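*Asks:* My questions all concern the structure below.
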Amino acid sequence: MENGTKREGLGKLTVSSSLQVEQPLAPSKLWKIIVVASIAAGVQFGWALQLSLLTPYVQLLGIPHRFASFIWLCGPISGMIVQPVVGYYSDNCSSRFGRRRPFIAAGAALVMIAVFLIGFAADLGHASGDTLGKGFKPRAIAVFVVGFWILDVANNMLQGPCRALLADLSGGKSGRMRTANAFFSFFMAVGNILGYAAGSYSHLFKVFPFSKTKACDMYCANLKSCFFIAIFLLLSLTTIALTLVRENELPEKDEQEIDEKLAGAGKSKVPFFGEIFGALKDLPRPMWILLLVTCLNWIAWFPFFLYDTDWMAKEVFGGQVGDARLYDLGVRAGAMGLLLQSVVLGFMSLGVEFLGKKIGGAKRLWGILNFVLAICLALTILVTKMAEKSRQHDPSGTLMGPTPGVKIGALLLFAALGIPLAATFSIPFALASIFSSNAGSGQGLSLGVLNLAIVVPQMLVSLVGGPWDDLFGGGNLPGFVVGAVAAAASGVLALTMLPSPPADAKPAVAMGGFH
């Protein structure tokens with residue numbers, strides 16, 4: 001039970017006594033939440049590989065830096081369409097297997113197909129007529145893009161229903177939702193750690209010797225081997241969760257409303273769009289502010305997500321694309337930095353709830369950590385200047401890697417970013433679940449609406465990020481500077497305009513559902 005309010009049916013709110021306290025999660029409920037949240041480790045393992053290795057990989061396929069960000073349009077576009085649609089239909093699914101589980105299973109199956117296409121893009125491209133060696137490889141790029149689209153669709157099919165299922169298991173209780181999302185964020189960190197560790201290890205292909213071919217060099221073979229592991233991990237975790245965790249039967253009133261919606265669907269070819277436009281039209285003010293803060297937050301994060309390892313390879317190590325020495329060393333050092341970041345993310349995810357209570361609320365913690373994000377992104381300028389100033393050459397005139405001090409500084413910067421990342425991966429989803437629960441919205445649909453505030457800035461950055469960087473010389477710093485400004489603006493809005501959720505409200509104050 002939350003301070004001041006209680007959900008009854010689908011939309012009715014009644015005021016409860018301020019003396020009543022939300023009951024802690026029963027061990028059986030907590031166990032189910034942990035098992036479902038563990039799917040995030042499998043999903044994030046694949047995402048970690050994308051974020052650390054794929055931007056350098058597409059450049060090795062012949063796509064220049066200024067166009068590399070266009071490839072990433074696949075993710076936000078598919079997310080903008082798929083996650084809200086899946087959220088709507090999972091809210092209203094009457095399958096005997098459950099509301100969320102069929103979509104989670106379908107997403108896992110699509111991941112297998114996508115990972116195969118991405119991993120074997122160079123081989124399939126060569127078999128179709130691409131030349132060996134350096135240069136533009138159009139057929140491999142085409143296969144890669146198709147696989148990338150499918151992978152992003154699959155990840156959105158997985159993440160949305162997983163978070164919605166966690167909200168279902170939380171029973172609409174705000175404290176339980178925050179706990180569930182904290183576990184989800186924790187397992188994302190676990191997946192990141194495993195993914196970045198795999199990406200930073202340069203001899204993983206020896207475990208799968210068949211992965212190295214004429215068209216697929218050592219770097220490509222390592223990427224392919226990583227994806228083999230990703231398939232095994234995701235399928236194992238998904239199978240365990242879908243086998244052991246059964247969804248609760250829908251209340252009779254929910255079933256009646258679903259039947260009515262499905263009956264109405266026969267009159268409309270795409271009933272979802274009416275629902276999503278209605279959800280946006282009737283969105284309460286707190287949700288609009290949450291969408292704005294989230295949007296600015298992702299404008300800050302996405303340039304770094306796209307080019308973190310590329311920044312380490314070019315600006316810190318001084319390498320160039322195609323340089324098998326410095327650039328490759330820089331990419332792997334960046335993957336190591338992301339691994340350290342994920343370790344910090346994991347510990348921080350478990351402490352978000354505690355820190356939020358100590359600081360005065362989740363939204364205040366999020367605002368403060370957005371300023372930490374802004375400072376970290378601004379410090380990339382300092383690290384880059386230090387790296388440029390300390391460049392050294394060996395006696396033969398060959399450029400050497402960065403000094404230990406510069407490398408340590410860059411790795412510490414990666415690690416520090418794990419602190420605000422924990423808030424980004426948990427707090428907005430928990431707030432959306434709480435706000436939507438009190439407003440009578442379906443969890444899947446509401447989280448799909450929140451996803452729009454994530455994918456729209458990703459689309460914006462993907463479209464203008466590369467040309468923007470190219471305008472200032474082709475480096476990565478211009479995008480990072482814009483990110484720092486956006487993070488600071490997000491922090492200001494979170495602290496000044498974003499309302500506290502019901503659980504953070506003062507005792508005896510009834511929160512009216514934000515209608």
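Backbone N, Cα and C define each Cβ position, glycine as well.
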*Asks:* Would you please say which range out of 136-157, 444-465 has the annotation transmembrane segment in TrEMBL?
*Replies:* 444-465
*Asks:* Look over the recorded stretches 30-49, 102-120, 227-245, 335-356, 477-498 and say which has the most C-beta pairs under 8 A to the transmembrane segment (408-432).
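*Replies:* Checked against 30-49, 102-120, 227-245, 335-356, 477-498; highest Cβ contact count belongs to 335-356.
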*Asks:* Do at least three C-beta pairs under 8 angstroms join the transmembrane segment (287-307) to the transmembrane segment (179-199), pairs 6 or more apart in sequence?
*Replies:* no
*Asks:* Do any residues, 6 or more residues outside the transmembrane segment (102-120), come within under 8 Å Cβ-to-Cβ of it, and if so which ones?
*Replies:* 39, 46, 54, 86, 89-90, 93, 95, 143-144, 146-151, 153-158, 160-162, 165, 211, 216, 223-224, 227-228, 230-231, 234-235, 238, 241-242
